[in-house]
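Engineer: So that we are looking at the same thing, I have put the structure below in structure tokens.
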Amino acid sequence: MPPLLQVSGLYKVFHGQSSVDGISFDMEQGRCVALLGPNGAGKTTTLRMLAGLMNPSRGRILFEGNPIGDNYRRQIGYLPQAPAFYNWMTGEEYILLASRLSGMGGKAAAGHAAAVLERMGLQDAARRRIGGYSGGMKQRLGLAQALVHSPRLLLLDEPVSALDPIGRREMMELLRDIGKETSVIFSTHVLHDAEEVCDDIIMMNKGRIAEHGTLTSLRAKYNRPVIILRVEEAEEARLWLETLQTRSFILESRLEADGSLLLKVDDIASARSVILREAAERAIPLLRFEAGTLSLEDVFMEAVGG
Amino acid sequence: MRNTWIFYRKEMLEMLRGYKLLWIPVVFMILGIMQPISAYYMPEILKMSGDVPPGLLESYTLPGAAEVMAKSLGQYGVIGLLVLALSAMNSFAGEREGGTAELVLARPLTPLAAASAKWLAQLTLLVLSLGLGAAGAGYYITLLIGPLPWSAAVSASALYGLWLMCAVSLTLLFSACLRAPAAAFLSLAAAGGLALLHTLLPRPLRWSPAALPKLSAEALLRQEYTSYAWVFPVLSGIALIVLCFLGASLLFDRNKLPRF
Ligand SMILES: Nc1ncnc2c1ncn2[C@@H]1O[C@H](COP(=O)(O)OP(=O)(O)O)[C@@H](O)[C@H]1O
Ligand SMILES: [Mg+2]
């Protein structure tokens, strides 16, 4: 059984500039993959190639071992970054058009359309013109059209980025459910969103894959012990902090915006005992002492070289 | 095939909801009816405008039914063409720039099927508008002027319609790769240029689709006219339409997404 999706050596060049610069990854059936990267990383371009809307300049996309074609289009659902509908249609008419274009018969289309509109909370708006929908409703309609034909792979381009906090909340809840049922690739520039719904993360930057793995494996890989310290404003304490930064067990130190000091250390046990002992001996007015590991946010920043 | 039909129905619903299916036939009917009415009331109109040189009114003879019909059809050559080009210019360009194409073309709808649906929809609009316009003109001609040779009127309308369809096809072709205003402008310029070339060089270009309007008038005015002069213009017109259609499918395939 080949994996659901195999992407190998994918390039897209616009006017001599690579927007997607040789990415490769495999995706198993049933996984939820977040394509995480800052603006301009090449997420939209990648998803458009995966949706068959753009031909790669180079490279190959295989769906269950086969090149993508008309049969593939029947099995994917795609939600672009800024979906545009026929505003003169009603939500229901649009979903019916979408499902029929994807090969569903009249009866099945009507049943699925009603069900998916209800699931997206659009049953009351279904008979109204799309032109009068709010941004959140349009995004849910976009998700409805991507889901109506029960696709086996969902491609969602920044599905929550343009929404207000309430719309975001609703959308994230829907996404979490959908992620459990079907295979999903969704792009985002917000790490927190990726962590919330997905098991796998592909970090992209400047058209390349910077990191790829499951959430847990990425956390384990970047499992750098850190100690966070904060002291009261006092001359003696400040001097002590400065001397700390030069110790051999400290790999790197950084002063955070809130005045606390983040120390990356190699051996957390000895670092902890040294710091606590010295602080006690010198009666340093400690406000905060925390020993832990790097957050994924830091991993992301490190991976994209920010 | 199935998706062409589904998309065709969407196109027709769009024309209906945007009132195109109403106002374009109305414009064509007004244009068609104006000729017989103004020919019939010409003496009255002249009288009302005052100082008419004596003798002019007496010498005015009502033109023949076929002649008025030819003039009615001739009305569609400028305003009709403009209206059709303006209504077709958004056909592909609107979907591409607006982003609706990105959604429907991610489905199994091929650009070829989408283009077929758009062509059929424009053809429907044209047949409806021209049919109603010509029927309206014919009705007033028989009412006010005299009996009209109906079969000649039908073939004349068909010949004229083919020329209009050529112009619409050019608009659709340009719409598949350019923004809407540029598409309308270029297709009108191309149709105008063809027509102009044909008036300058009628003999070398007598096979071209630009000869169709003249042939349409001749079908009405010279009914005994039996030569097969229409064969090549009709064939070249159909060829132009097919080429535009294939070109548009290809271009739409490459230009599904908004331009950067
Ligand atoms: N159609 C296009 N023509 C030219 N350049 C493009 C086009 N689409 C995207 N790009 C460029 O490709 C890069 C990646 O864009 P995109 O895939 O939209 O990134 P993201 O979705 O991650 O923000 C950007 O630098 C963008 O300017
Ligand atoms: Mg993007």
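Each residue's number is its place along the chain shown, starting with 1.
Glycine is no exception: its Cβ is also placed from the backbone N, Cα and C atoms.
Here TrEMBL flags B:21-42, B:73-93, B:119-141, B:153-175, B:182-201, B:230-252 as transmembrane segment.
I'd like to know what surrounds each of these features in this structure.
Structural biologist: The list of residues near the transmembrane segment (B:21-42) in space but at least 6 beyond its ends in sequence, with Cβ under 8 angstroms from a Cβ of it, reads 12, 15, 60, 62-63, 68, 71-73, 75-76, 79-80, 83-84, 87, 125, 128-130, 132-134, 136-137, 140-141, 143-145.
Residues 66, 69-70, 73, 76-77, 80-81, 84-85, 88-93, 115, 118-119, 122-123, 126-127, 130-131, 134, 138, 182-184, 186-188, 190-191, 209-210, 212-213, 215-217, 219-220, 230, 233-234, 237-238, 240-241, 244-245, 247-248, 251 of the same chain sit 6 or more residues outside the transmembrane segment (B:153-175) yet have a Cβ under 8 Å from a Cβ within it.
Long-range Cβ contacts of the transmembrane segment (B:182-201) within its own chain (Cβ-Cβ under 8 Å, at least 6 residues beyond either end) map to 77, 81-82, 85-86, 88-89, 93, 166-167, 170-171, 173-175, 208-211, 213-214.
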Engineer: Grab the same-chain neighbours of the transmembrane segment (B:119-141) for me: Cβ-Cβ under 8 Å, and only residues 6 or more beyond its ends, written as numbers and ranges.
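Structural biologist: Sequence-distant neighbours of the transmembrane segment (B:119-141): 4, 8, 11-12, 15, 20-21, 24-25, 27-29, 31-33, 35-37, 65, 68-69, 72-73, 76, 80, 84, 87-88, 91, 148, 150, 153, 157, 160-161, 164-165, 168-169, 172, 245.
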